[in-house]
Structure formats: structure tokens, C-alpha cells
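Written below as C-alpha cells is the structure these notes are about.
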């Protein structure tokens, strides 16, 4: 499979002219100058295909990557999701596949993957591993990696909530460390107790969670499962949700609770870390913090500028009440989809497998 950088260089200029910077942002590495140290040179694509990431980077045996899931139906509709099990959209499938291409192009070989019980993250895992050709590695699912529970906000439109309660209040509910949203009543339409996957743990279902609450459960999983795997020299991928990943990154990076309100994460852009023997992040090759958030020593495989533009789009989508259109569904998003389909090219591995099964049934 050709690396995305090659595909970008050969893309028609007419498409490139019509693509917004957000389109280019999601398109992995648009030039060799923006390539991170995780990305192998194009001419080494075949040579290093069978080498593990730890072989390529012998000086850093502890390697970790975080990835937020692709766009779900409620991401598209700008609704609070929480533990509600919303599926990926077609664009979400594209986002996940492109994340897989970024990771494939990086040279990383994972030993195991950890994710939540929610299908938007589980399907993202499946798509990523299929794009990487690494479907064989074990995948572990646990509720401790679920998104934070948004309480009574679940199902509500985010921008309408800003209009009702004000930007500052909604930002505290969404991003502060210790202020949970209003609790969800048990009879709420989207209460997780109605979901069969939680039938054996209804006593553990919260009615709302702050980031502090989310961190309390995700930290247990980190201490008992992820950290021991890393200490064994395994290269680990964690596919999750914005807030459970924020809670893990907060602990990993020692981000103060008064600063965590300013940390946001984009969908489907891998964030790769090299860790020391104490599982603390090593500095990036440039010795700087990332320019997208200003907090992190991890490397965005899509590039800092790309992530910064995505986060600005996401900010406007929620907080800018002067923007009436849904930025997940406007014309620039359609151009993005067209551009991504051009880069991905062929049908997804899932679609090809389904077509093959249908062909077999017809022959039978």
C-alpha cells in the first residue's frame, strides 16, 4: 500500500486547490518537511515494513500511542454523547482508515490494543488494524476506558446548550477537572442501565462524571493493565474518547488540574509517545511542546498545524454562537470527504470482505 504522502503528492491540483486547510490537515503528512520522526522515509517503505517500532527506535523501548475514535453520528449532529453507543458515520470510517494509514506509514508495530465498550471506538480499532495489516494482535475492551458520563447533558445539542447556559458554564462542564454536569435521572431515555452490555455492572454506572471521576476509573486501568504491558516492552495503542484520553494524558504529562480545562483532542489523529523507564514522556526530537495544544511532548502524526486547525473548527462548532451552520456537515466537510476518498482510493477492508462473502454465497 502506498504511503499517504505519496498519494498526496500525486493528487490532482484541481482537488488540492479546492481543499480547505482543514482538508489538508486531516491528510496525514502533506509534505516531507512536516514529517515527524515517527514517519519512515518513503524509499524505506519496503525495507522497514517487517521491522518493529522498537527495532527502528532502539533507544526508546517504551512506546505508546493514543487515538480518539472517528466521527460518530452524534459528533456529526453536535450532541453530547457520553456512554451512549453511537455508530461511526461514513466520514468516521474514513477518519479511522486514515488514522490507520498514518500509523502504517509511521512504522509502528503494536503488540496490543486497549479500548472501551463503545462501538465507535471498537470499530475504529478494527478499521485501523485492518489498514495496518495488524488484525492479529489482541484487543482488550473495558468500561474503564469509556467516555466520561455527561449526565443530563447526554443527547442535547452542544451549541444550544451554550446558548442556554453560557459558554463559560458549558466549558466548565466539558473541560474542567472537578465540575460534573447535572446528573442523569434513572428514567432518562439514554440511561446506560438500559444497555445490555452493562447488565452485570449496573451498580457501577454513574449518573454524571467530572474529569476527576473519569480519571479515577481510567487510572486504575492504566496502573493495572497498560503500565505493566509497557514495562514488559510492549508497544501499546489506546483507542478511546476525548475525555478518557484527556484523563490518561493528564496523568502521563503531569498537567495541573487548573490547566487541564484548556486541553482538547482531535478525532482520529494518532498521538505517539516515547517513554523512559519510569513511563514518563521523553522530549520530542525538536525539544519543544506540541504547538497544537501547548501541553504535550507526544507527536501528532498528522502534524501540529493540522491538529490546531481541527481544534479551532471544533471550538467554533461548540462555542461560537455566531456560526449557524453545522461545521461537521457544511461544504468544506464535503470537500474533505471527497479528498479523503481520493487518498484512500479503494473500498475499506470491511467492505471488501463483505463483498467477498456475498460472492461466495452466490457461487454456492
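Every residue, even glycine, has its Cβ placed from backbone N, Cα and C.
Straight from TrEMBL, the features:
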- 69: active site, tele-phosphohistidine intermediate (ACT_SITE)
- 147: active site, proton donor/acceptor (ACT_SITE)
- 68-75, 120, 147-150, 158, 174-175: substrate binding site (BINDING)
- 241: site 'Transition state stabilizer' (SITE)
For the binding-site residues listed here, 74, 150, which shows the highest count of neighbouring CB atoms within 10 A?
150
Cβ density check for residue 68 (substrate binding site), other Cβ within 10 Å (all protein chains) comes to 26
Cα-to-Cα gap, residue 120 (substrate binding site) vs the residue listed as 'active site, tele-phosphohistidine intermediate', nearest whole Å:
6
For the recorded positions 174, 241, which one has the sparsest Cβ surroundings, going by other Cβ atoms within 10 Å?
174
Between the C-alpha atoms of residue 150 (substrate binding site) and residue 241 (site 'Transition state stabilizer'), the distance in angstrom, to the nearest integer, is 13
Which of the binding-site residues listed here (72, 74, 174) have a Cα atom within 10 Å of the Cα of residue 241 (site 'Transition state stabilizer')?
none
Across every protein chain in view, the count of C-beta atoms other than its own within 10 A of the C-beta of residue 70 (substrate binding site) is 27
Can you tell which of the recorded positions 147, 148, 174 lies nearest to the residue listed as 'active site, tele-phosphohistidine intermediate' in space, using Cα positions?
147
